[in-house]
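See structure below.
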Amino acid sequence: MSTFPRISLRPEVTDYLKNVFLNKEVLAAVGHQEAESRFQRLLTCLSHPPSYTCVRASTHLAPLEEIRQKLGEELKKQMCTSSEKEVSVQILPHPRIPDVLLLPVDGPRPVEQLSSEVVVGAQCGSAVLRGANVFVPGILASPKFMKAGDVVSVFSDLEGRCTRGATSFQGMRGFVGNGVAQIDRSGIFCTDVAAKGVGVRMVEPLYQSPSFDGVLPNLAFLQNLPSVVVGHVLGPLPGERILDMCAAPGGKTCHIAALMRDQGEVVALEKIKNKIDRIRQNAKMLQLNSVKVYCFNSTKAVSSNSAQEHEGPPFSAESFDRVLLDAPCSGLGQRPSMSCTWSLKELRSYQPLQRKLFHAAVQLLKKGGVIVYSTCTVTLAENEEQVAWALETFPCLTLQPQEPHIGSEGMLGAGLSPEQLRLLQRFSPELTWDQTGAAAPLPYRADRDTIGFFIAKFLKK
């Protein structure tokens, strides 16, 4: 069901994406009307959250059913009201992915807008739509005399035009629900020390889903379904040496280590220094000792000295059994995303970087090893075109089948053969948007109503 306007993009970005989704190969296969319809559905579904919450269970620490029961108990405590009404929490295991639990999202719900309004940034608004409360740093505007305890409506600033500290805002915005202020306005804006913590506790969100803040942090890890699929597609085995080239915030790194039962070595590289601690914290929380984290630019991760003896990067060529290249990308598959202010130049800046990383990945991989390339975007240039380029540039690489394969096949337009496209996995929520109702079984919805995502698996001969 469409509740929000289509994602707000710059006109040149919209035109660029339209040309991608209405390319000659697509038009020849499905016709102009269907191609146009898919593109319009894409723009609409991107501004809406998926209809479920995906939790990756730490099955290296406890059996899935035990985690499921504990999670249900914790969420019931959270959702119980003073009316002592019995709260039921539906938590279902994914039928094909052994460490995934699925929880339905209730929404959009009939929530009445109030006259007292708080405006938050677009990123904060998106987090609220997926079950979060409003944290103080995300608040841009509030009523002049707002006090802790006031009931307020929360709106997301869709175009990034609200001035921080404003008392009202009439620009383009989206209603995300009602909540109770936890702090006075003066504590948000009129202080020398940046305030932290929850600013508005959501009590009537437009989309109702559990808050996982502090809930079983070592057993239940919030992660988008396609991101969990990536770890399984990589297929790490105990005793192997694995490289995660762009590791922050560490969700996939830790998943790889967990799939290996913490037996072997997972090397995580991240070039942004302030993101390193998050990876280490996640590994420690999940009791994973096989993860080694380094602050390093992965494009320079291949050593020119084959006789080097130090432990960290750069590394000797052909020193890893498997490589995950979850590449920096334009992120146009993330949901919900009501607004993206990037220019076309910024959008197209990722392809060259991804290719530099790919060169390093191929050099660092042993013969007979596996590279998995993934992005959370929907463009051809960063996905299927990169696959076509890689196959031409590196004759040693061949595409491999993926397990599990629950997404769609690759998108037409990059000149790949039908056989090659079938080996790719593109999560395309626009293909079934508005066709998969709430009455459909949750696992069926979960495989289709995802973020936009792309996975390719290569073997180095």
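Cβ atoms here come from the backbone N, Cα and C positions, even for glycine.
For 145-461, the entry in TrEMBL reads domain 'SAM-dependent MTase RsmB/NOP-type'. Summarising the annotation, TrEMBL assigns S-adenosyl-L-methionine binding site to Cys246, Ala247, Ala248, Pro249, Gly250, Gly251, Lys252, Glu270, Asp326. According to TrEMBL, the feature active site, nucleophile maps to Cys376.
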Max CA-CA distance, Å, over listed S-adenosyl-L-methionine-binding residues Cys246, Ala247, Ala248, Pro249, Gly250, Gly251, Lys252, Glu270, Asp326:
13
What other residues of the same chain, not counting Cys246, Ala247, Ala248, Pro249, Gly250, Gly251, Lys252, Glu270, Asp326, have a CB atom within 8 A of the CB centroid of the S-adenosyl-L-methionine site?
Asp244, Thr253, Ala268, Lys275, Ile279
Between Cys376 (active site, nucleophile) and Lys252 (S-adenosyl-L-methionine binding site): CA-CA distance (Å):
13
Separation of alpha carbons, Cys376 (active site, nucleophile) and Ala248 (S-adenosyl-L-methionine binding site) (Å):
14
Neighbour-count leader, CB within 10 A, binding-site residues: Ala248, Lys252:
Lys252
Quick check for the class: what is the C-alpha distance, in angstrom and rounded, between Cys246 (S-adenosyl-L-methionine binding site) and Cys376 (active site, nucleophile)?
13
Give me the Cα-Cα distance between Gly250 (S-adenosyl-L-methionine binding site) and Cys376 (active site, nucleophile), rounded to a whole Å.
15
Any idea what the model's mean pLDDT is for the domain 'SAM-dependent MTase RsmB/NOP-type' (145-461)?
94
Looking only at Cβ atoms, how many others are within 10 Å of the one on Cys246 (S-adenosyl-L-methionine binding site)?
21
